[in-house]
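The structure under discussion appears below in the form of structure tokens.
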């Protein structure tokens, strides 16, 4: 029996990060967490590229462009969609999650869903570096682990 697991050694790995600018205060905190997570695990600053997009809905397209590039071992998608009084929230959340999953499956690379989908701004703030941790950091660690797991499996 073979058991495969990814590790958190990231020397030589390169990552793209796509961040939605809408709710930029939250996206910026998630980005800080992701960069911190990558650097703490050995990714060099020059091996991190960041693309800002207008909002969460635009994330999958740029994630796809990065994932198709041989330059990147993985892509981290960050942003925040906060529920409002209309059904727009439901459509955006659904399409962003489907789009990111599709990019990962099509590219064969880890494309990590680090987009917060919350009912309130307070919930988003909690998940962007306060009492619920930083989902950007967690997404970066997931990207490292998945990139290594894919490399291990071959």
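Backbone N, Cα and C define each Cβ position, glycine as well.
Noted in Swiss-Prot for the protein shown:
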type	residues	note
BINDING	22, 56, 57, 58, 80, 81, 82, 113	5-amino-6-(D-ribitylamino)uracil binding site
BINDING	85, 86, 127	(2S)-2-hydroxy-3-oxobutyl phosphate binding site
ACT_SITE	88	active site, proton donor
(request) Give me the Cα-Cα distance between residue 86 ((2S)-2-hydroxy-3-oxobutyl phosphate binding site) and residue 57 (5-amino-6-(D-ribitylamino)uracil binding site), rounded to a whole Å. (result) 16
(request) Mind giving me a neighbour count for residue 113 (5-amino-6-(D-ribitylamino)uracil binding site)? Other Cβ atoms within 10 Å of its Cβ, every protein chain shown. (result) 21
(request) Using all protein chains in view, find how many other C-beta atoms are within 10 Å of the C-beta of residue 58 (5-amino-6-(D-ribitylamino)uracil binding site). (result) 19
(message) Helix, strand or coil by DSSP: which one applies to residue 80 (5-amino-6-(D-ribitylamino)uracil binding site)?
(response) strand
(request) Going by Cα-Cα distance, pick out whichever of the recorded positions 85, 88, 127 is nearest to residue 58 (5-amino-6-(D-ribitylamino)uracil binding site). (result) 88
